[in-house]
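Worksheet for the structure shown next.
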Amino acid sequence: MTLQETGVAAGAAAAQPAPLLSLDGVSKVFNGDLVALKGMSLDVFQGDFISLLGPSGCGKSTALRLIAGLSHPTSGRINWAGGQDAGDLGVVFQEPTLMPWATVAQNVWLPWRLRGKSFAAMKGRIDEALALVGLEKFAASYPRELSGGMKMRVSIARALVTNPRLILMDEPFAALDEITRHKLNNDLLALRAKIGCTIVFVTHSVFESVFLSSRIVVMAARPGRVIHEVAVVAPYPRGEDFRTSADYAAHCRAASAALHDAIGD
Amino acid sequence: MAIADTAAAAPVLDEEEARRARARRRERLGRWLMPLIVLVMMIFLWDRICVWNNIPHYILPRPGLVAETLWVDRVILFKALLITLRTTFLALLVAVIGGVGLAVLFTQSKFFEMSFYPYAVILQVTPIVAIAPLIFIYIQSKLIGMLLCAWIVAFFPVLSNTTLGLKSADHNLRDLFSIYGATRWQRLRYLQLPAALPYFLGGLRIAGGLALIGAVVAEYVAGTGGVGSGLAFTILESSYRLNIPRVFAALILIAAMGVVIFMALSLLSHLLLRKWHESAIKRES
Ligand SMILES: Nc1ncnc2c1ncn2[C@@H]1O[C@H](COP(=O)(O)OP(=O)(O)OP(=O)(O)O)[C@@H](O)[C@H]1O
Ligand SMILES: [Mg+2]
């Protein structure tokens, strides 16, 4: 069986240096009584692809917002190895979140622009990021001229243009059709192979989480908490043959079982 | 059999398309033609009423006489038009600067907004005709007094629309700016101002018409002293002298000016937004 529980992942940690990021008993309470997240502990290592999988309302987005520093934990701590600065993080939201008044290239330029870099100086990096997501021909287009999937790619290009240590993705493909989603899943893995970034990915979909990740963190709601961690021990690169393999099916079954545990039936 | 079916179906579709194209053409034509027909009918009716009732020209002039006055008095009227136009334009300019400036201050500082927003509303709801006489008592310069009048009327739509726009930038984008450590100034410059642009332009179109109203009210109250007489003052003066054709001529010019201002601002809005904003994008049909 290639499925392992938390203990093994911790064992793997011994071989690695200190985690890139660690959450230590992090809780978040809204309005004094709504426990969105309770005692979440998670170590994110360099090169991990972690999926947060769970039913709606289990605190996945809350966890991402805490990691991104957009809100602060009610208790517990979040530690970045070697501190955190502005270029460490790339974020992709569920919506593409592009500026409609700016061209594709200008949108990708945004993280650099906010750090005072001129467009001309960053032209090479921007083109490179757009080429990585296959949109080099659309640099001068406006977001409204693109399809949903293409907008999402722009959003991804923007997240990785600064070469961040960690990329956070909150259900980036949830609004897309099955075919486009498969395509973008493949592309995302190819991208990761090329630039070797660390990703924390939120999803509702068991299949997506198994296909993409090396570790699946299964969460439950009310209160939002981590109940299982499932390691997907299958080598990258993964492609269509992995998607149709018996191994993949077995992983999906196991993750489903964990998820049903989470929902409580 | 199947081939024959599709061959029969194709022309039906074409006819449908042709009918739609005809309807579109008719609608385009109608948009110009219908108001024009109404205008001609109204003018004709006006003329007939004058004739049927033997109305003297110092009560209601016939349209022909008004047109003639427009031409004969063109020098006086044109000078007056320029003066009113200048007041309106300057007032609109000050309204934009004041409205946008206040809106930015309001969004930058909660306390500033809390302190001054109520007074902006009070200034807006108090009728300008009630304040105008006081303004001209306290302010010596007629030009500045007029600008102040027109500004008081015109700045509020700019202020309230721009404030709304500055606050309505997408939440995720705001989060993104936080994550990338944007400064206040960067957030304003790269996110809030562009997001507010469509709202601002909407406010500007309203303010254009209001600035004209403000200028007209100011002229009524202020008279000429030193500024020369604008269209509104011309109306006032001509009505004292029972030169009613000139009243009508000046009135037509004011209305035309209002329409031109509105069209110019609509064009500006279209040019600025046509690349990206939903309101300005032509849908494929
Ligand atoms: N700003 C907030 N104020 C109050 N309650 C909040 C806030 N944000 C989230 N919550 C609550 O916290 C809980 C977890 O929300 P969260 O958005 O993290 O769920 P999620 O796992 O991302 O769900 P989904 O899969 O539907 O996006 C929910 O019950 C939600 O109502
Ligand atoms: Mg969510």
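First residue shown is number 1, and so on along the chain.
Every residue, even glycine, has its Cβ placed from backbone N, Cα and C.
Annotations in TrEMBL come from automatic prediction, not curation.
Feature list (source: TrEMBL):
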{"type": "TRANSMEM", "residues": "B:29-46", "note": "transmembrane segment"}
{"type": "TRANSMEM", "residues": "B:80-104", "note": "transmembrane segment"}
{"type": "DOMAIN", "residues": "B:81-269", "note": "domain 'ABC transmembrane type-1'"}
{"type": "TRANSMEM", "residues": "B:116-139", "note": "transmembrane segment"}
{"type": "TRANSMEM", "residues": "B:145-166", "note": "transmembrane segment"}
{"type": "TRANSMEM", "residues": "B:196-218", "note": "transmembrane segment"}
{"type": "TRANSMEM", "residues": "B:247-273", "note": "transmembrane segment"}
By Cβ distance under 8 Å, which residues at least 6 away from the ends of the transmembrane segment (B:196-218) in the same chain are close to it?
84, 87-89, 91-92, 95-96, 99-100, 103, 128-129, 132, 145-146, 149-155, 157-162, 164-166, 168-169, 230-232, 254, 257-258, 261-262, 264-266, 268-269, 272-273, 277, 279
Pairs of Cβ atoms less than 8 Å apart decide it: which stretch in B:29-46, B:116-139, B:145-166 has the most with the transmembrane segment (B:80-104)?
B:145-166
Which residues, given as numbers and ranges, are at least 6 beyond the ends of the transmembrane segment (B:116-139) yet have a Cβ under 8 Å from it?
102, 106, 145, 148-149, 152-153, 156, 159, 213-214, 217-218, 221-222
